[in-house]
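Here the structure comes first, spelled out in structure tokens, and everything after it is commentary.
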Amino acid sequence: MKMKSYSSFFFMFLVLAFSSIQVSLADCDNLQDTCPTSPPEKKTTFINALSCNNPANKSAHDFKTMELSKAGSRDQFGSSVNIVTASKFPGLNTLGISIGRTDIEADGIVNLHNHPRASEMIFVKEGVLEVGFLDTQNKLFQKALKECDVFVLPKGLFHYFLNRGIEVATVFSVFNSQNPGFQSLTPKRSTSESVEKIKRKLISLSELELDSVNDLSLAVSEIIYS
């Protein structure tokens, strides 16, 4: 009887373990070739957060988008960030990817932010910019990028973009998640004075030699909470 009890316990443990592994995956593998998003008014079931359209209604149109053809409206930092997921681009549904476009005016920045569910690979279409990210040890990795350069930003790490040129910089991104998320610690109601203060601190941070930064976490905190 005791042996049977142990066997039942072990079986339940295996079930729970495999269930946990499945849940911890960022985006599950496909179970079918394609799954264009179903129109919101026709949703009946949910797969990877969005339901599939009727296979009989799929077309090549589902796999093309013009969402990244134009820059969006710019924020107080002189930048626009447009992340396109399966909700706007049906053909992406269940593929585990999303795309984005960022435009930064001269002297503009994309302030420190992260994507909690995805790594980001960027391609510089035009312009000159400084890109940097912080790892979990508060070590800063930064690089000057120019047209056609590619840079990878690891999942969940805070990063920033800074336009160091005299013209608008445009960057295209690919994320390895259907829903990468966007988390910024910048106050939503920053004054023009605080925005300029953040810009100055971010520029000074990008110009620092790493060996001369005694407390990088403090320097970054000052930028975030300006």
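Any Cβ shown, glycine's included, is placed from N, Cα and C.
All annotation found in TrEMBL is predicted automatically rather than curated by experts.
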For Cys52, which disulfide partner does TrEMBL record out of Cys28, Cys35?
Cys35
Per DSSP, what is the helix/strand/coil residue tally across the domain 'Cupin type-1' (69-199)?
11 helix, 56 strand, 64 coil
Same chain, not part of His113, His115, Glu120, His159: whose C-beta falls within 8 angstroms of the C-beta centre of the Mn(2+) site? Give them in sequence order.
Asn114, Phe133, Leu153, Leu157, Phe158, Pro180, Phe182
Over all shown protein chains, what is the count of other CB atoms within 10 A of the CB belonging to His159 (Mn(2+) binding site)?
20
